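Going by TrEMBL, these are the annotated features:
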{"type": "ACT_SITE", "residues": "Ser208", "note": "active site"}
{"type": "ACT_SITE", "residues": "Asp365", "note": "active site"}
{"type": "ACT_SITE", "residues": "His395", "note": "active site"}
{"type": "DOMAIN", "residues": "126-283", "note": "domain 'Alpha/beta hydrolase fold-3'"}
{"type": "DOMAIN", "residues": "338-398", "note": "domain 'Alpha/beta hydrolase fold-3'"}
{"type": "TRANSMEM", "residues": "21-41", "note": "transmembrane segment"}
Amino acid sequence: MSNPLIAAERKEERHHLVMKLFCGFTLLLAIAVAYNVYIPLPRTISEPWKLMVLDAAFRGVVMMGDVAHSLGLSHRVHVINSAIVSFESLVPITNQEIQTEDILFDGVHVRVYQPPGQDGKLRRAVMFIHGGGWAVGAPKLGSYDSLCRQMAADLDAVVVTVDYRMAPDVHFPVQYEECVQAAKHFLRPEVLTKYSVNPERVAVCGDSAGGNLAAAVAQRIGTDNTTTVKFKLQVLVYPVLQALDFNTASYQQNQNVPILYRRLMARFWLEYLGADLNLVHSLMINNHTAQDQSLMSLIRSKLEWTTLLPKRVIQHYKPVFPVTGYLSILNDIPALLDTRAAPLLAEDEVLRMAPRAYIMTGEHDVLRDDGMMYARRLELAGVSVTNEHYKDGFHGCVSFGFWPCYFSVGIRAVQNYIAWLDKHL
C-alpha cells in the first residue's frame with residue numbers, strides 16, 4: 001500500500017522538475033530571441049526596440065530568400081517581394097473616399113488617386129515613385145497606398161503612382177525609362193485636362209530608389225524641349241543618388257544600422273544594373289573608384305563630401321579610396337557613371353533646369369550624405385532647396401509611419417513633407 005505522503009512529495013518533485021525544465025527552456029528561448037533580435041543601435045534613433053524587431057523580421061526574410069536562391073527554388077528578390085506583398089496586403093485601406101483607377105500611361109502601369117467631387121476648379125497633382133531598391137515594393141498596397149491616399153486627401157490633389165517593372169525581371173535603364181514615359185504622358189496638356197490638373201502645379205516625388213528615379217526624371221523633364229509642361233517641385237525622401245562611394249561619412253557611420261545596411265545597398269545597386277553580385281565587397285571598399293582610376297578624376301568633385309557636407313555630419317570620418325583598384329568594374333558596369341542611374345553626377349547646367357526641391361534625410365541612414373550632397377549641389381546651381389533632416393530618422397521610416405508600425409519619426413516625416421507640398425505646390 002503506497003504512502004499518501006510519499007506520493008504527494010513525488011508529485012511535488014515532478015512538478016518542480018517540470019517547472020525547472022519550462023523555465024530553462026524559456027530562458028534559452030529568450031536568449032536565442034534576444035541574440036537574433038538585439039543589435040546595438042544609436043541612442044538617438046527613433047524607438048530602437050521596435051526597430052530591432054522589425055529588422056529581425058526583415059533579416060529573416062532576406063535569409064529565406066538567400067536559401068531559396070542557393071537551392072534553385074526561386075530568385076532571392078522574388079522571395080523578399082512575396083513576403084512584402086503578403087505583409088502589405090494585411091494593411092487596412094485608409095481614406096476610402098479617395099477614388100482609384102488602374103490604367104496604362106504610354107504602356108506603363110499606374111494608379112491614379114482622385115479626391116471625390118469636382119467643383120470645376122483645377123487641382124494640384126503629385127507623381128509618386130516608390131522605393132525598394134528598384135527590385136521590391138508594392139506601390140498599390142499597404143503603406144504606399146496609404147501614403148498616396150493621404151496625399152490625395154490632405155492636398156485635395158490628383159496623385160499618380162508608377163508601378164514600374166522591377167529587377168530581376170528587368171534592369172537599368174528600364175525602370176528609369178518607364179518612369180520617364182509615365183511622366184511625359186501625364187504632363188501632356190490633354191491628359192492634365194482630363195484629370196482637371198493645373199499644369200503649373202505638378203510635383204514629382206519618390207522615396208529611396210524612388211527618390212533616385214524622381215530626381216532622374218526631374219532632370220530629364222527639365223532639359224527636355226519637347227515637354228512643354230514642367231514639374232514645379234521635386235520631393236526626394238532619403239534618396240539614393242550615387243554608387244561610386246560606399247564610404248561617405250554616413251555609409252561609415254551607419255553601415256550596420258537597419259534596415260538598409262551598406263552591404264544590402266550595394267547588392268541592390270548590382271541587381272539594378274544587372275551586374276555580378278560577387279562584386280559587392282569590391283564596391284563596399286571602393287575598389288571601383290580607387291585613386292588610379294582615370295575616369296574618376298573627371299567626376300570626383302561632384303561627390304566630394306568633405307567639401308559638400310557640413311562639418312557636423314562629417315565628424316571624424318575620412319575618405320576611403322584605395323591607391324589601386326579594379327578598372328574592369330567601371331568598364332563592365334558603365335551605368336555606374338550614367339547620370340540616369342546616378343543623378344548626383346549630373347552637370348551643373350542640368351541641375352540648373354531642375355525644379356525646386358525638398359530633400360528629406362535621416363541621421364541614421366547610409367544614404368544621408370547622398371541626399372545632403374545633392375541638396376548642396378542643387379543650391380550651388382541656383383535651385384531653391386529645403387533639406388529636412390531628422391536626427392532620429394532611419395531609412396524607410398516614412399513607410400513605417402503607418403499601420404502596424406506607427407514609428408513616431410515616420411508620422412512626423414509624412415506630416416511635414418505633405419505640409420511642405422501644401423505650402424509650395
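Keep in mind that glycine also has a Cβ here, set from the backbone N, Cα and C atoms.
Per-residue confidence over the domain 'Alpha/beta hydrolase fold-3' (338-398) averages 98 (mean pLDDT, predicted model). Listed in sequence order, Tyr238, Ser250, Asn254, Val257, Leu260, Gly393, Phe394, His395 are the same-chain residues at least 6 apart in sequence whose CB falls under 8 Å from the CB of Asp365 (active site).
Under 8 Å, Cβ to Cβ, and six or more positions away along its own chain, Ser208 (active site) finds Gly131, Gly132, Gly133, Val237, Tyr238, Pro239, Val240, Leu260, Leu367, His395, Gly396. Here the domain 'Alpha/beta hydrolase fold-3' (338-398) is broken down by DSSP into helix, strand and coil counts: 20 helix, 19 strand, 22 coil.
Residue environment of His395 (active site) contains 27 other Cβ atoms, counted within 10 Å of its Cβ in all protein chains.
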